[in-house]
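Colleague: The DNA-binding region annotation in TrEMBL covers 5-103. Summarising the annotation, TrEMBL assigns domain 'OmpR/PhoB-type' to 5-103.
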Amino acid sequence: MAGTTNEFSFDGFTLNPAVGELSSNTQSIKLTATETSLMVLFIEHKDKLVSKKELMTFLWANGAFIDQDAIEDDISRLRHKLGQVGLKDRIKTVPMRGYKLVTNR
């Protein structure tokens, strides 16, 4: 974590879940509540597989009523937004298993 306000950092970017914003020194994007929750989970599990079941359980626990199709849609939108700030192809699909956030370590 970075700072004292529960911010999360990776590859020069900082996620501020309180305001749903992912930013670097030069750019930022706003995320929906579900996209923010997904990013928190992915950052907490950098470069590790997050199963579809883990995603659903995490999102349900955070108040989102979501099914597998909705998760795929949310991840698609999140990938698009990440691409807008130079983080294209960072969320990888692991067929039949789940997803992972690939970082530069």
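Cβ from N, Cα, C; glycine included.
Give me the local environment of each listed feature.
Modeller: In the predicted model, the DNA-binding region (5-103) shows an average pLDDT of 92.
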Colleague: Let's see if you can do this one: DSSP helix, strand and coil counts over the DNA-binding region (5-103), in that order.
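Modeller: Across the DNA-binding region (5-103), the residues distribute as 39 helix, 24 strand, 36 coil.
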